[in-house]
Each structure stands twice: as structure tokens, then as C-alpha cells.
Amino acid sequence: MGKKKVKDRSAGTDSSSETAGPSCTHIRKGTENSVLKKACLNEHWSSCQDCEQDKPEEKQILEDQTDGESPAVWMCLKCGHRGCGRSGNQHAIKHYETPRSEPHCLVLSLDVWSVWCYICDDEVQYSSTGQLAQLITNIRKQVLTAPDKRNASKKSWKEDISVMNSAEQTQDEEKGKKGKQKSSSKQEDSPKSHQSAAAGSSAVVSVRGLSNLGNTCFFNAVVQSLSQTQYLRELLKQIAEEKSSFSITPALSSELDPLQIQLERPGSLTLAMCQLMNEIQETKKGVVTPKELFTQVCKKAPRFKGFQQQDSQELLRYLLDGMRAEEAKRVNSGILEALKSSGKNFEAEQTKKIVKEYEKDGAPKNFVDRVFGGAMSSTVMCKECKTVSLVTEMFLDLSLPVADEAYRKKNQKKAVQHRHSVSDDGDQDTSSLANGNEDMPTGTGSKYQQKKAKKQAKKQAKNQRRQQKQGGKVTLDAITNQSSTDPADSSMQTQTVSVNGSADAQPADTNQEDLSLEKHNEDQDDEEPEQEQAASVNNRFTALSEDQTTEDIAEQVNEDEDEIEQNCAEEEELVEELNTMSLTTPSEGDVENGEDTLEDVKEYTVVNRDPELAFRALASRTAPVKQECSVESCLYQFTEVEHLTENNRLMCVTCTKQQPGYKDGCKKAVYRDALKQMLISDPPVVLTLHLKRFQQVAYSVCKVNRHVQFPQILDLAPFCSLNCTGVKEGETQVLYSLYGIVEHSGTMRSGHYTAYVKSRPSTHNCVQNGTAAASGDAEASKGSWFHISDSSVHPVPEAKVQSSQAYLLFYEKIS
């Protein structure tokens, strides 16, 4: 026993002392010397043993996906298994994930001799004298004595150096020979960082993992895509480094004098964003902590506090609108300071008006609008007089509907069943309530959600008991009418539900109420079937218990009323919270906007346009085939011509003026059938597409899991107006290249956000003008795709990217 204790103690000391950085506690259990000695007899070191067993066709596909480069091999320090890391198969991590009695968590890179722990999700730092170092030294001797492996290792090592950032010096014994070539932090195929950049090209943005600060995957996925938005990075860099000043020269018709503006320091949110972008590019660490930026976002929008799961698209809007508001405030303050310096004194109201005029006449566009800002033109034409009117709206992203035929048919079928389940006296069968909630996502929800659902169930049960006890005083019809207009039901009908894409299940609480009530009744009254409960509801209202006196009933009713008032107050608070979660433009107080908002007053202006050209796009468009679900089909549906009829008819100003008696004072409005279409009139530099996967149907909220196909090169011309700005005359293409994807996997209640980003060289034209190419031969920029899940980064082939369940798509303009 004594020897065993000494042995355990020495092993633990060795494992802890050999780590230079944060100690890994899995070294002793993750290594096995005796097994590795036998495994070292195998001479096939340069290949994955699982890939060797694949069929020749699969191996050829794998080679094509990795551009002919041999994938890095990782050796398990427990059993000697050799698995690939760079390929789509990822046999090394699959070997670790296989259930065993002891963890196989430590792997050794046979290219750069670094050790990785899958449990710690970090590289294991070890000294040159510890037990782990001795084990690795023995393995290296075995590997490098094989001539085929030695040559392959040198070749692979040179290739890896050419695709890394300069950061850390490697631990290869040949570093004296290659000392002039500094390696970036870790091997490109490291299970954690996968730095995707060319060493000689500083313009390529590194890909770093981001720490999860507590259910912040929705935030990390968006930041990863923004970090690869090159034009945004350049503008942020200019704002942070340069002292911004500009002059405003009003129009000739204006009475205002030219004004020289000095801008103050950027806002805290903008600076935090700039700081994070620089850290991702320059840090030597494989994982970056975006705490400062997330803190600033929470200050602008407190709804993101509390470690709840949120919606990525909503976060993106708050982030961009917050920086946009800070820039507007900078310009506003600069104009005010310039007016004060000019020595002219104005009254408060007059000063506001002058500032507005300066902002409207000559103030430059802020960097958010320069990158993401676009414009939509909504065209309406009266069918009677053919008058064409137009209104232009600004946008930062486009929310596209995702059609789900299977869900629609299923919902229609349930609606028919729901109508048949209503009884003659107006009472609804409780089984239909259960059926109506089948479309809700699966999962029990968090403890907080379950507790809230139980409170709602208790409230309904108390309401029902109260109605039963008052049955002797109130008629059945009165009770039925009261229940049909119950405040809880009416509030459920008017609540605005946020489409939080992940497990923030508050939108579904209105439906969870019915499910929880059924479960509550089953637990308490198992002996009574649901059908009997529904059938006996009316009978319970008609009789007054003979064992109770009127005074007893009145006393109980008063007690119940107090409890109900308290529950109603809680319910009103819940309704208030749900209403504040609606997806509105963040100008409600969460974001400190200036006077300007993204959505100005929509006022249609009559234009002199040929009715035949009113609804013509920049390029011809073809209707999508049946059952097609792609970005193009979603855009087609979004920009389709609408017929305004019946209750949606247009109040035509021209027809109203042409009616008899109009000049005599008769100004009765005339409504006509009309046509309406929305087209893009000013395509943005960076096009952000939001696929609306979270939809509300009646009382249920569902996620559309249908795969939406998206192209690497998107031609936006069929969805742009004929008089589109920013397009050269005669051009019939507006091309965009995909570089970022935010994916949502899982259900409404239990989901996770990840990102796919394309690390690519920057284009000079993109930095200068916001566009990357000026010819019709534009093609997708060359680069490498990476899948990022918080701190974990893996290179992936394009085929894996195309199969992702996209929620947000980021395209950059290339023509």
C-alpha cells in the first residue's frame, strides 16, 4: 500500500510539474507507455489508419477536398491510434469521442510535436525534463528513423510554415535549420485555432476562437463573420487611428455657410469593436475573449444580459445600430461645437433645425451605412389610372421568408381537426388543445421556464375553481362569455413574440401554458380521463355544493380573488417582458439612438414613370421551380409583385382628385386595386441575408429546418430595380461572393450557433471603394473555409459549408 501511494503521488507531481502554463490534469490517465512502444513498431506514420481503410473512391474525394495536401496526423498517447485532423472525416476526434472506460484525450501531432488535450480543449505545455517530454522524445526517434516518414515530415513541415502567421517558435528539432522561418502559434491543423493565413500576406485575417461568456454562442458567431468583413475592418481602423475632420459645404440654394467639423473620439461600442478586431488579427493566443465588446453591447441593449440564449440576427441589428447611433452622435456634437466656435448665437429650436440641415446637406455617411447600408424601392401602381408612386427605405439586412410546404400542410390539417373538435355549445375539446401544440419544439425547457409554466397552470386552475364556486350566482351563459374573453387569452392573442433562434424559450410560454395545465391535471387527477374532464366542465358550473353555505363560498371567493389579482399582476409583467422582446428597430430606449433612425417616415411620391417599366428589374428573372428552396427562390418571393385588393386596396390620390365634385369641396377618398413590388434600388457593399427560420403560426412558434441552398456567387441583378444606383450603365449583373455564414442547429428550446467563415486575401479595390472587382468576369475570392464553434476552429471543405443550415449569410460585392 505504501509503495502504491508513493507511486501515485510521484506520478501526480510529475504530471503537474511538466506543464509550463496552465496544468493539464489528464496527462497520467491519457498516456500509456507500454502500449505506445508496441504501436511504434508500425512504420506507416504519415497516414491516418482509418483513411487507409476507406474505399479508393472516398480517398480520391478526400484528396480533392483538401486540395491534394496530406492531412495532418494526430497520434493518441493512450493506444497509439493515428487519426487525421484536417480532412472532413476528422478521425482523431472521432476516436476520442468513442465511449471507453478511460479517456483517450491526449493526442500528439506527428508534424509539429505539440500535444493537445481534448478535455481541456487546449494545447498541453510541457517541459523538456518531464515524463511526457521523454515519451514524446522516444516517439520522435521512432518516427524520424523511418526514411519515408522523415522525408514526408520535412515536406509537410515546410508546407505548414508557409500557411501560418508569425507568432510562436515551433518545437521541431530542425528549427536551427529553419530558424529564419518563424511559425505562427500552432500548427494550422490544430484542433483549436487553425490559423488560416499566409505568412507573407499580412492582409489575410487570422481565424481565432472566441471564449463563450455564458450562452454567448449567438454573439460569437456574428463576431466571427464581422471579423472577416474586410471593408469594415479598414473603416474601423481609420476611425480609431486618424483624427477625423471634414468640411460641410451646403447646397447653393441653402443659406448656410460652409462649416469645418472636428469629430470627437469614437463611442465606447465602436472602440470595443475596433479593439477586438485588432486583437483577433495580432494576438498570439489561439482563443480571444470578447468580454469588453459584449459588455458594451449589454449596456446599449440590456436584454442580452443574464446569460440567456438569444437571437443572432437581433444581436447583429443592435450591434450595428448601436455603432451607427454613436457615429450620428459624433457628427451631431461636432456640428454643434463648430457652430459655437463660429460665434453665432441661435435659439435652441433654431440650432436643432440648423444641425439637421447640415447633416442632411453635407455630412458623410457613417461607416455602418457605407458597409452594410442599402436601399429598397417600393413601387405601387394604380390599376385604374396607371399612376406610379414610389417610396425608398433603407436597410442593413434583408429578412427573407423560408417556405415550408410540409409544415403548412400539417398546420392546415390540424386547423380542420380543430374546427371539428368544437362542440355545439361552444366548448372546445381539451384534446384539440394538446394537438394544437404538437408543432412546438421538443424539450422540457429550463427550470425557470418550467416554474413559470406551473404558475400559469395554477392560475388557470384557480380561475376555474372560482367560476365553479360562483356557479350558483352567475348563469352558465355569463360564465361562458367571461371565459371566452378571459384577459389571459386576450393577452395571448396580442403578444408580440420574439423569434429567438435558440433556447430562449420565452416566445413559447403562451403555448407551454396549455401543455403544463394538462400535465398538472394528469398528476393530480389520474383517475379522470381528459375527455371526461372536458365533457363535465359545463356540469360543474350548474350545481352549488349542498355542504357549503353562502358565507363560506363568499369567503373562499374573496381569498381566491386576492390570489388571482396577484397572479394577474405577474401575468401583466410577463406580457410586458414579451412585448419588449419584439424584433423592432432598436430605437426604443435600449440603444441610445440619436434623432435619426434607420426607418424614416414612409411617404409615397408620385413619379413620372412608364407603367410598363415600373416593375421591370435590372435583369430578367425566372420563376423558381416547384419545391425549390434556395436563396434565389426566397429573394424571388420577397420581390414578387403583389396584388392589392379588397381590404388592401390603395387610396389613389390621382383618382380622388379626378372624381366629380372634388373642386367643390368633396374630398371623399377613392380606393383602387393596385400592384406593388419591392426591389433593391441601392445594393450594399456587404449584403446580409436573414433566413426567417423561426415563424409564428397562431399560438405556436416553430423552426423551419428545411435546407436552403445558397450559392457561392450570388447575382442580385434580377432583384434590383431598373434604375439601380451604383451599377454602371449597360451592366446586367450585380455579383456577390459568400464569405460568412451563421448556422443555427437544434431546436427552438435547445440550439447552438456556429459560424463558417472564409479567410481570404484582401482586395485593394474593396478597401478603397467598397467593391472588389469591376468586370463581369468576377469570381469567388480564393481562400479557406473554417467552421468555428466558440473556441473550437476547424478547416472544412466547401461541400461541408454548402450542407450547413444557414441562418445568416454574408456576401461581399465583387462587381
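Numbers run from 1 along the shown chain.
Glycine is treated like the rest: Cβ placed from N, Cα and C.
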*Cys48, Cys51, His91 bind Zn(2+) 2 according to Swiss-Prot; which of Cys79, Cys84 goes with them?*
Cys84
*Out of 1-27, 514-540, let me know the one Swiss-Prot marks region 'Disordered'.*
1-27
*For the recorded positions Cys76, Cys79, Cys217, work out the Cβ neighbour count at 10 Å and name the residue with the minimum.*
Cys79
*How many other Cβ atoms are found within 10 Å of the Cβ atom of His95 (Zn(2+) 3 binding site), counting all protein chains shown?*
22
*With a radius of 8 angstroms around the mean position of the C-beta atoms of Cys76, Cys79, His95, His104, what other residues of the same chain does the Zn(2+) 3 site pick up?*
Leu77, Lys78, Gly80, His81, Gly83, Tyr96, Val107
*When a 10 Å sphere is centred on the Cβ of His104 (Zn(2+) 3 binding site), how many other Cβ atoms does it contain?*
20
